[in-house]
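As recorded in Swiss-Prot, the features of this protein are as follows:
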type: BINDING; residues: Phe18, Ala49, Leu50, Glu51, Cys74, Val75, Ile76, Asn107; note: 5-amino-6-(D-ribitylamino)uracil binding site
type: BINDING; residues: Glu79, Thr80, Arg121; note: (2S)-2-hydroxy-3-oxobutyl phosphate binding site
type: ACT_SITE; residues: His82; note: active site, proton donor
Amino acid sequence: MMKEMRKKPHVLIVEARFYEKISDALLKGAVSALQKAEASYDTITVPGALEIPAAIAFAEQNKISYDGYVALGCVIRGETYHFEIVANDSCRALMDLTVHKRLAIGNGILTVENEEQAWERAKQDDKNKGGFAAEAALCMIALKKRFGDNR
């Protein structure tokens, strides 16, 4: 079906699996929000948060056309500077895709101090950041269409 004929958004969820159980919780929230909106979706996985922007860029070049993207993952501070690199660079790369490629992306990459904070944000019955990221993507898809980018 051609994208222009679709009434409901078609979304790609890109899920980093570095913290698998936390990622599973984020995914449940995102899927629930997309199903509630009657959006169709595909899901792919990548090793970690740094790979999410590249996966979205690859998908954008694919024959399958997505209206928007949901980025899901978790970065927990450790003892080295690696946390700052992953947190900052994954977010910056997503913003670059959003601004320069005009992609509708909901950012659900958690950047937290510890696993307890991650669970608080990942669980559907708590902060539900996976669901929030999906809702943000849907909002940006609608905004993009409002301004005439029906690509």
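The first residue you see is number 1, and the count goes up from there.
Every residue, even glycine, has its Cβ placed from backbone N, Cα and C.
On its own chain, Ala49 (5-amino-6-(D-ribitylamino)uracil binding site) has Ala16, Phe18, Gly73, Cys74, Val75, Val86, Ala87, Ser90, Ile109 as residues at least 6 apart in sequence with a Cβ closer than 8 Å to its own Cβ. Annotated pair Asn107 (5-amino-6-(D-ribitylamino)uracil binding site) and Arg121 ((2S)-2-hydroxy-3-oxobutyl phosphate binding site), C-alpha to C-alpha distance, rounded: 13 Å. Taking the recorded positions His82, Arg121 in turn, the residue surrounded by the fewest other Cβ atoms inside 10 Å of its Cβ turns out to be His82. Counting only residues at least six positions away in the same chain, the Cβ atoms of Val86, Asp89, Ser90 sit under 8 Å from the Cβ of Leu50 (5-amino-6-(D-ribitylamino)uracil binding site). Rounded to a whole value, the Cα-Cα separation of Glu79 ((2S)-2-hydroxy-3-oxobutyl phosphate binding site) and Glu51 (5-amino-6-(D-ribitylamino)uracil binding site) is 22 Å.
Set side by side, the binding-site residues Glu51, Glu79 differ in how many other CB atoms lie within 10 angstroms of their CB, and the most is found at Glu51. You'll find the Cα of Thr80 ((2S)-2-hydroxy-3-oxobutyl phosphate binding site) roughly 20 Å from the Cα of Glu51 (5-amino-6-(D-ribitylamino)uracil binding site).
Of all the recorded positions in the list Glu51, Ile76, His82, the shortest Cα-Cα distance to Arg121 ((2S)-2-hydroxy-3-oxobutyl phosphate binding site) is found for Ile76. On a Cα basis, the residue listed as 'active site, proton donor' lies 15 Å away from Glu51 (5-amino-6-(D-ribitylamino)uracil binding site).
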